[in-house]
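Below is one structure, written out as structure tokens; comments come after it.
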């Protein structure tokens, strides 16, 4: 019997394109490395407020840089990223609270669907420039991910409950206590120690901490590796 898998907590918000990149890479490696990946829906607005930080898009020069960087990241990570036409306006203004509460509900009620539903919501906002704030938009993403319409509607009815709100706050507070100042934030529990890593470009360092092999953002499949 081999060593127990190391726990990795990924704190993310679908409003963050860099969260999507980190999410996809960790999902690719979860069957290649000896890890147990825990997805934790989080509110980036709460982390920014708690840390006193600003989203990169809100800093003019960083915003200009993002427009140049995203097309390169799309190719490098092989994730279909496209900047929404009005991201700095309506997309940011509307936020992601309904989507993140829905994902929190999924994590509580049907966690095996969390990866797929999270991905479909990212696909809407960060690939197809579609809404993620209206209930029907979230429902469409959940159904596309493979959830039944009835189940998705049931979960939508729960997003305004105090239990779900508290869980999302709990996740956000946990990220802040680890020292998060943005997303994605990955927390690795290795040999009794805890390491907090920020961003989608720290995953090679994560591999080093885990004692695992880094094979780039798009590693071979488990079968190919064997």
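From the backbone N, Cα and C atoms, a Cβ is placed for every residue, glycine too.
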**OP:** Going by Swiss-Prot, 16, 17, 18, 53, 200, 201 bind glutathione; tell me which of 32, 37, 72, 183 is listed for that site too.
**Re:** 183
Original post:
For which of 94, 177 does Swiss-Prot record the feature N6-succinyllysine?
Top reply: 177
Original post:
What residue among 36, 213 has an entry for N6-succinyllysine in Swiss-Prot?
Top reply: 36
**OP:** Could you let me know which of 62, 68 shows up in Swiss-Prot as N6-succinyllysine?
**Re:** 68
Original post:
Of the binding-site residues listed here (18, 53, 183, 200, 201), which is spatially closest to residue 68 (N6-acetyllysine) when Cα positions are compared?
Top reply: 18
**OP:** Specify the nearest of the recorded positions 36, 53, 85, 200, 201 to residue 165 (N6-acetyllysine), where nearness means the distance between Cα atoms.
**Re:** 53
Original post:
Cα of residue 49 (N6-succinyllysine) to Cα of residue 200 (glutathione binding site): how many Å, rounded?
Top reply: 21
